Amino acid sequence: MKQFVVFLYFLIHCEAVLNDRPIIGVLSQELTDMIADNYGDNYVSYIAASYIKHLESAGARVVPVWINQTSEYYEYIVNSVNGLVIPGGAAPFNASDGYATAGKELYNLAKQKNEEGVNFPVLGVCLGFELLAVLSADEYDLRSICDIQNVALPLNFSSDYKSSRMYKDASDEMVKIMQTENVTINFHHWCITDNDLAEGNVSDQWHVLSYSEYNGTKFVSSFEHTEYPFYGYQFHPEKNTFEWKITNNNPHTANAVLVEQYYGSFIVNEARKNNNSFPNFNQEMEALIYNYSTSYTTHNTPFEQIYFFPRTRSNLQVYNYHNYHSSNNYYN
Ligand SMILES: *[C@@H]1O[C@H](CO)[C@@H](O)[C@H](O)[C@H]1NC(C)=O
Ligand SMILES: *[C@@H]1O[C@H](CO)[C@@H](O)[C@H](O)[C@H]1NC(C)=O
Ligand SMILES: *[C@@H]1O[C@H](CO)[C@@H](O)[C@H](O)[C@H]1NC(C)=O
Ligand SMILES: *[C@@H]1O[C@H](CO)[C@@H](O)[C@H](O)[C@H]1NC(C)=O
Ligand SMILES: *[C@@H]1O[C@H](CO)[C@@H](O)[C@H](O)[C@H]1NC(C)=O
Ligand SMILES: *[C@@H]1O[C@H](CO)[C@@H](O)[C@H](O)[C@H]1NC(C)=O
Ligand SMILES: *[C@@H]1O[C@H](CO)[C@@H](O)[C@H](O)[C@H]1NC(C)=O
Ligand SMILES: *[C@@H]1O[C@H](CO)[C@@H](O)[C@H](O)[C@H]1NC(C)=O
């Protein structure tokens, strides 16, 4: 009887306590030729600051994840942060020392973590969304060319989107905004269609949650993985609030800002379900983006501000995660 009561107690109280100090890793990427023309003398990689602000304003801290590093480093990152964002951009998928190679390594580590029972969320935005799809197909490049640039569109939800993790908590009001207003901005050379997923043999891996349609092309605009907490969208919610390039059609209505906040809260809340931490407080401080400053780049890039990174990390040590307890809690 007593055991039964204890069992009932655990059934009722089994919800894990959420992590209210989430830290999200954001992958950097190699400079485009255009950015390198202006900033290539001192830097080799960057993150658009809008991604950082998007996550910070939803209650997370951010750690920049460097490209072209050792496996030990990526392992350290995946064991220390509470989730990963692979942002959009213009990096090639075939370079051996850049975004795609680092993304692949992180994707495999994230899969492994989840298989070990650790909830480790990964979000891909635009090019990052495409990379997730390609990596899920063992690097078969399933994308089709569509070139939809600078176009804000609504989402057309798939019939069972309400049963998804990404949208189950969306209010009717939010769904209506996303469905009827041009609140998702598109900048992509490639699309992923139902046919592309089928051709890559990954239709069963991705639950397609919405489509968007433009100039006769209907493409997947958001999806989530059927097995892992992996998410992707083809559009850029972060630009609604944080990118103001005058020649871009980034939507800035009050509802567009609510949409940005919806997606930011979604991924940060996913990271709250993860309990990873850095080995100690100093390591955490060293890794955080607070130790980097932004450059004002509005005149020669599509971004208001960018975080740039040099080739070598002067300030980050990599600890072998096997050498410390994953359950340490240095806040107590
Ligand atoms: C994190 O760890 C604490 C202490 O062990 C535990 O109470 C909590 O449920 C864990 N939370 C998650 C999200 O795993
Ligand atoms: C990657 O690192 C190698 C050597 O460490 C260097 O030669 C190469 O230029 C680096 N590539 C990038 C994109 O930083
Ligand atoms: C990557 O692909 C592009 C375009 O398909 C090609 O121009 C480039 O040479 C390739 N780079 C490498 C390193 O294979
Ligand atoms: C949404 O998709 C459905 C099914 O594909 C289609 O019948 C409908 O016309 C689409 N709605 C809009 C607004 O594009
Ligand atoms: C949304 O944008 C599309 C493409 O530019 C346009 O055809 C459509 O009229 C717009 N819809 C609304 C509600 O503004
Ligand atoms: C998909 O599966 C089919 C049938 O097994 C196979 O012929 C094809 O090569 C696979 N495609 C990819 C991209 O793996
Ligand atoms: C629409 O698609 C056609 C080809 O399918 C292309 O020639 C045209 O430039 C596209 N228009 C826009 C506005 O993207
Ligand atoms: C910030 O980075 C510098 C080197 O760039 C390093 O010396 C310093 O210790 C770092 N600050 C913290 C709090 O880790």
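Cβ coordinates are placed from backbone N, Cα and C, and glycine is handled just like the others.
Look at TrEMBL and you will find 1-16 tagged as signal peptide.
Spatially close to C126 (active site, nucleophile) yet at least six residues away along the chain are P87, G88, G89, F187, H188, Y233, Q234, F235, H236, judged by Cβ distances under 8 angstroms. According to DSSP, C126 (active site, nucleophile) sits in a coil region rather than a helix or strand. Taken from TrEMBL, the feature active site, nucleophile applies to C126.
What TrEMBL records for H236 is active site, proton donor. For H236 (active site, proton donor), the number of other Cβ atoms no farther than 10 Å from its own Cβ, over all displayed protein chains, is 27.
Annotation note: H236 (active site, proton donor) sits in a coil segment as assigned by DSSP. What TrEMBL records for H236 is active site.
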